[in-house]
Structures are given as C-alpha cells and as structure tokens.
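> In case it helps, Swiss-Prot gives these features for our protein:
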BINDING   S50, P51, T52, G53, T54, G55, K56, S57  ATP binding site
BINDING   C244, C262, C276, C315  [4Fe-4S] cluster binding site
COMPBIAS  793-804  compositional bias 'Basic and acidic residues'
DOMAIN    15-414  domain 'Helicase ATP-binding'
REGION    128-162  region 'Disordered'
REGION    775-804  region 'Disordered'
MOTIF     358-361  motif 'DEAH box'
Amino acid sequence: MDLTDDSPDGEVKIHKKDFHHPYTPYPIQEKFMQTVYDVLEQGKIGILESPTGTGKSLSLICGSLTWLRDFKRKEFEGILNDGFENSEEPEWMIEAAKVRKKRELIGRREEMERKLGRIRERERCERDRMSGNGNGNMRGGKRRKVGGDGEGDLVGGSNGSNEDEFLLEDWESDGEIGGSGKKKTGDEAIFSKETLELKKSIGMWKFPSPMPLEEFPSKTTEKDKDNLHEHLRHLPLGSRKNLCINPKVNKLNSVTAINERCAELQQSSTPKEHKCPHLPNKDNKPLVSTFRDHALATIRDIEDMGALGKEISICPYYASRSAIKPAEIVTLPYPLLLQKSAREALGISLKGHVVIIDEAHNLMDAIAGIYGTEMSLKELKLAKEMLGNYFMKFAKRLKGKNRIYVAQAIRVVDSLMGYLMKRLEGTEIDGVVDQKELLAGKGADQIDLFKLIRYLQESKLARKVESYTEHTRNIKQASTIPHNNKETPKSTTPILHTLTSLLLALTHPTTEGQLFFLKSTSTSPSPSPDLITLKFQLLNPAPHFESIVSSARAIILAGGTMSPFSDYTSILFPSIPSHKITTLSCGHVIPKTHLFASTVSRGPTGIPFKWTFANRGNTDMMDELGRVLLNVCTIVPDGVVVFFPSYNFLSTILYRFSIPSSGTGSATATATGTEKGKGKTILERLSEKKPIFQESKEESVETILAAYAKSIAEGKGALLFSVVGGKLSEGINFSDALGRCVMIVGLPFPNMHTAEWKRRLRFIEESAVERLTSFYQEKESNNKDGNGNEEEGNGKKKENREKIQRDQILQQAKGEARDYFENVCMRAVNQCVGRAIRHRGDWAGILLLDERYKGERVVGKLAGWIREGVLRGEGMGMGDAGGFGRLMGGLGRFCRGRREVL
C-alpha cells in the first residue's frame, strides 16, 4: 500500500493515539508514527521515508514502543486467560485463580523494576557525587581494578626464539564443511553521533507499563502513578572488537584475529592459567546477573558496555547475551544483524520479533559490502611469500594433512597470480572472471576448494602465518637496527584472511554474485602489480536477507532518502505480495516559503547543460557553469555547496576554471557585463566573492569542514566543491548558514560500460524475465479447463500469443534494469540535496544543473518534498522555464525575503 497515493486505500487515518512523544508532534510525525504502529500490528513490511530534520528517528521509537507496550498488554491478558477457557471449575474459583496468577505476574514485573530502579538511583547518586568533587569520571564510581589475565604472551607478541607457538595443531577432519566463514566487516562503525545522542535522550522518558493499569486501584498518588510507567530496557550489542576487555586480545589488529584468539582461549586444550579470566562460567554466574541488571537499568552506548564489563570484571561480549531476552530494544550494527551466523553466535532469534532498520537507504550496499571482497595482485604476491616462508620453515615439522593443505593454498595463490598477470598484459581494463580459467594453473582446479576453505577457517593457518611473519620481521628489525626504539607499525590488512574470503566467494552460486578483474587507470608506461585486482561483487542480496524476512513478525526500513522505492520491493522482497508492503513518503516540516528548488537547464548565455559522459569535456559548458556559479555566489549569502558526479570530473572543472580568461565571451566577462575580469581565472573571480574549499580523497572531512564553517562564521561566506558519493555527501549536515544553496551538477549515473555494471544490469534483467515468465505461465494455466486443455479458440493463437508474451516480458525486464540504474543515480541526488535543510526553521535553495532534470522520469524519482518544490517554482514562473535571468531574480528575492525574516 503506497501511502503517498490520493486514493482512499492509501490514506492514513490519524486516530490521535497517544504515542508518548516528548514534544508536540507535527502532523507528518503523527502520520509517520501511526504508519509504524499499523505496520507492526498487521505484521507487514514498511518502507518509510521522512526527510532529515523531521524527527524521523524519534517518531520511529515512539511509534514502535507504543505498539510494543500495547502488544505486551494484550499478551499479558492472553496469558491470564490461558488454561481457563474450557475449565469446568466454578466461576468464583476461576476468578480467584486468575487473580493469583495476575498477582504473581505483576509481582515479578514490579520486582524487576524495583531492582533496576535501585541501580538507577545508585548510579545517579554516584554521578552527582563525582561531579560534585570535580572528578571527570561520569560513568560511575571508582572502578574495580581488573586483574591480569593470567595469560602468556600472545602469538606474535614476543621476539623470543621459541617458534613452536606458530606450529599448526594436527589436522584430522575431512568431514563436511561447518560454519559460515563469512567475512565480517564494518564492526568499527556502530552508531552515528546523532543516534547515540537520541539513545541517551530516551532514558529521560518512560512508556506505560505493559501491565493493565486497572490492576492498581490503590495507587493514587502522583508517585504511585509514575510507578505505573516503566523505563525502557535497551541493550546495545557489538562485536568482540568493540567489547573485548582482555588487553592481550583486543590489541590485535583485525576483527578476525580477535575472534580467533578469543575462541582459542576457550578451547579445552588451552591450559587453565592461559584461559581468559573474564569469560562467564559457573563460578561467576552472579557477575553475569549483575552485568545484565546494570546493562538494562539505564540507556547505554557500546562504550558504556565495555566500561561496565571492566568494572564488574566480566566479559561484556558474552555477558550481554543474558540481557537479550528481557530487553525491549536491541540495537546492533549491520554485520551482526544481516549475517545469520553472527545472529546465531550472539543467541539472537528474530522469530516473532520486529526488525527496524534506520538509515536504510544504504541497506543493499551494506549487504553487498559484507559478502563482497577483493584482493590485488600485490596482495596475492605477499600472501604467496608469507605462505612460502612459513612452509620452508616448518615443512619438516608439519604433520600429515597440514603439509598437504598449506601446499594446496600456495598452489591456489599461484594460479590466481598467473591469471591476473596474464590479464595485466591484455588490453581489457576490466571483465568477468571465468572460474575455470582462474584455477587452471598449477593444477589448482583439482583441489577441493570446500575442504581447503574449511581447513583455512578451522586450523587458524592465516593467524599462524601472519603472526610468524610479524615475528620474523621483528627479529630482523631488532638485529639490523639495534638502537632504534621505534616500533614498526603493524599491518592493518590481514592478507591471508582476505584470501580466505576470496576463496569463499568462489564457492558462491553465479546467480548470487560475480567475480571480476579490474585494472586501475595509470599513465605509467610499466604497469604495477597494484593496478589489477580480483573483486567479488554480490549481485543478489535477497537470499542473505531472506532469513530475516521469513523470521521477523514485521520489518520497517526507514530513511530520509528512500525514494525511489521500487528497488527495495523488487530486490529485497521479491516474494512478498504487494498488499503486504506499505510505503510512505512524508513531506518536510518546513513551510513552503523556506525552499527554493529549480532545475537549471541552461546558463546566462543560453548554453544548455547536459552533462553526459560524452559532454563532460565540453569547455563551453564548463565556462557556462562558471558564469552560473558567479551569479549564484553573488546572490546567495553564507555557504554554497556544489556536488559533482565524480572526483575526476571535479578535477577537470577545476583545471578549466584555473585557465585565465581572454575577456570577450569568457565566463567572467559575460557574467559581469564588463571587461573587469579580463585575464583572471574563474577560480580567482569566484574567490573574490567567497573563499573556495574543495573535497579531496586525501584531506580529512573534519579539516575541510572546520575551515569552511570558520569562513562562514567570519562573515566571508564560502563555496564548497564536493563529490556525489564522496565524504561530504552523506552524514554531514549543511544546516543553516552552512548550506544556503545546494547545487547538483549533472546526473551522477554510474558508468554502465564497466564489466561490473554490465553484469549487474544483466542480472536485474534476467531476474525480471524469470519472475515475469513464471507469472505468465501461472496465468496461462488458469485459462485451461479442468482437463488441462486450452479454452476454445486459444489454441490457434497460441504461437502468436507466446511471441507477444516473450516480447512483453523482455521489454518489461529491460525497463526494470533501466529503472534500477536510474534509481541508483537519483537516490544519490536525493541524499546530497537532503544535506541542506535540517530543521523546521532552516531554509535553502536547491539548483539541479542539467536539462535532463526536466524529464518526467527523472523528476518523478526526486524525493517528494524536492519534487513539489521544483514543480511549485515552475508553476509560479520562478523556475527555469522563465529563463536564467528570471530564475536568478526569483532566487535573489527568496534569499532576501528569508534574511529579512531572520
């Protein structure tokens, strides 16, 4: 159900339900919360869009938690009646039994709340005490000192001569492959700053207790009534890298190494004195309970969980599992949610529960990132060198299958290297990899990849080899530079773990993903091994999301820029009928007078803008762009942000802008109407109006933004050149003076001529053909009579009908591939534009510089509030249709009007 439709079925009926919003909600927030409630109540899929700055995350929390408490209240009433429906006992006995059961359930609930309340009170008093004496430690009182872990030096942590620690344990198993072995990435980025602040604010408000309020007639005072509301029980989960408190484990330089070392310390073969002392066991169960109660008592972030584990001296990674069941909200990063194996490791079951994914506009990219991997020729050479050195050192001491499997790993790496070196000599810059050809060298095609992968995962070969490599490097460094006390930085790239992920990718069905080779462009006459890479790209995220879809009661995908919606329904939910999917696109909370939006199809001299790949070297268009920027920077106060489709295109523009003008017909002369700018570059003329800042791959975002904001704060204004999909296009707020105008130059389509995009679009097309063929076949079967015969008259037209059907299917499939390609582009545009207006009082102009933005298909894929602004401006004669002069006049009046109000 599309809630943006004007049809009665698409309307949301606002029942003025109390969603316990901490402020007075806007109408769109009420609509959003009601939609969230309805989706959860009806067990549907919700794809919801509300622009950034409209209180989306807060509305998500209020709507979902109101539903949760209502659901639990109904569940409580159901439990009370359970077992009494068909009872033959007298009614008074049944009622008495219900009362006893009710008191028992309520008593348990109240006892838990009292326990958590006492913890909250103690922590509050401790915070007051610590702030009163000037101590900056606000996480609690004096922490219990965490004792030594009783563990010897970790592998790779010593320069000693004993090398037995690097030997592999005997390998005997040749059974079936076990475990997922999937690469876990992205654990470092848990929550955004805004999300953490929002989570903290939740702790300040309460929601009604799930217990029926009529069961407390004696509680009439304000304090008693307040007790009828419960604090939220929230639990943040993270990876071992985020939560490990064993200093000899968490100092390791990769997630995989930490995971493997943690598992190793728990093995029965590990001596007791070397086991991790923080691991939960039968002797420290009370500490686990204490951790659980403290974790649930207040709203905590992931750092708080680690600090709590240190204070109690219990592993927060494992102890947090005890708090999952009593928690009402569990927050966790993408990799822990999206990987079934990770959920199972944490003890998380989604059966019957609700899954809400905020900022879901990059969900499909996140899934692809988790299951994708790449490895360069240089990395493969390094892997071969590491494996070779290890094999030479320990060959005589490796037993049985260890020796065989290490040799097999070297042969496979040799084959991969041979393939890439052959491709390096060819003329193709990229292409699809034929797996048979990839493993044709060194007899690698005779190796059982499944067994080899299982061996690499379970034998810990990767960590042993990398630790030995580091060990030998340290010894060499110590012997060659004895007086140098500087520590050599550790490699942050676990090469052999990457190799394992790449081999695992080779076992994926070709219907799910594809392996490519990619050459980087270089002007060097001699190609470098760095410049060619093997890359596995996931094409179909649906199978990896299916375990969530099939288990959860309801799923909500929410974001500020979810439009266009069609990708989510066709790719993530291909088997879900349309009536089970609800979509909602909210408008903005700002008044219409706070937005000026328009396409800019041509500049002041009438040169049209059509920034296709073929036209991006057009110097006339570049000069016309310079004239537009000079006009805009003259009219718009404070900060102006300009987004370009790529870093290469931005470099081309800046190079053109750095060429001195010749006067007549130049960008400067035409823009000013005089010869004043003769001899100056466009960049020089622009810098006279506003200081110029540029996004770069090398410089940090913080440095650029700080200088940009400082210039605006000093009243100089600023012009910032950025890149769509770059560092500044997502997660950065250009609110208020930081973004009084956002300009998008061109349409940021990906390069459809690359092997990766050709294959991706072909996959979309093939999937659509398969789905549509199945649909028509089912429809055809419905036209047959009970004996399986076609109805009279149909047989003669069958051949012609099937041909028309095939043509229709192919045409529709090509249309879906085209839609997907356009959607990727327009979602990026919407994301960039959404950086500007961040709250109700904010205002900004939005200019879309390309004549293709006037096309119906493109306009239809803009976020609703942007599209309305563009169409409204056109209707009032202030848009691009009235000519460039009229457009600039409208923009000038808009800016002056807003500044006068302020």
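Glycine is treated like the rest: Cβ placed from N, Cα and C.
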> Distance between C315 ([4Fe-4S] cluster binding site) and S57 (ATP binding site) at the Cα atoms, whole Å?
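Pair distance, Cα basis, whole Å: 31 Å.
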> May I have the DSSP-based helix, strand and coil counts for the residues of the motif 'DEAH box' (358-361)?
2 helix, 0 strand, 2 coil
> Given the binding-site residues C244, C262, C276, which one's Cα is the least distant from that of G55 (ATP binding site)?
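It is C244, whose Cα lies nearest.
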> Hey, what's the Cβ neighbour count for T52 (ATP binding site) at 10 Å?
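That number is 22.
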> Kindly assign C262 ([4Fe-4S] cluster binding site) to one of the three DSSP-derived states: helix, strand or coil.
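C262 ([4Fe-4S] cluster binding site) sits in a helix per DSSP.
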> Which one is it: of the binding-site residues S50, T52, G53, T54, K56, whose Cα lies the shortest distance from the Cα of C276 ([4Fe-4S] cluster binding site)?
K56
> Quick test of the contact rule: Cβ under 8 Å, at least six residues beyond the ends. What residues does that give for the motif 'DEAH box' (358-361)?
47, 56-57, 60, 192, 195, 557-562, 827, 831
> I need the neighbours of the ATP site defined by S50, P51, T52, G53, T54, G55, K56, S57. Which other residues of that chain put their C-beta within 8 angstroms of the C-beta centroid, in sequence order?
S59, G560, C586, V589
> Can you check which residue among the binding-site residues S50, T54 has the largest number of Cβ atoms within 10 Å of its own?
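When each Cβ's neighbours within 10 Å are tallied, S50 tops the list.
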> If you compare CA-to-CA distances from C244 ([4Fe-4S] cluster binding site) to each of the binding-site residues P51, T54, K56, S57, which comes out shortest?
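That would be S57, the closest of P51, T54, K56, S57 to C244 ([4Fe-4S] cluster binding site).
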> With every protein chain in view, how many other Cβ atoms are within 10 Å of the Cβ of K56 (ATP binding site)?
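If we count other Cβ atoms within 10 Å of K56 (ATP binding site), we arrive at 22.
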> Residues other than C244, C262, C276, C315 within 8 Å, Cβ to Cβ centroid, of the [4Fe-4S] cluster site?
R240, I245, N246, V249, N250, L265, H278, L279, Y317, Y318
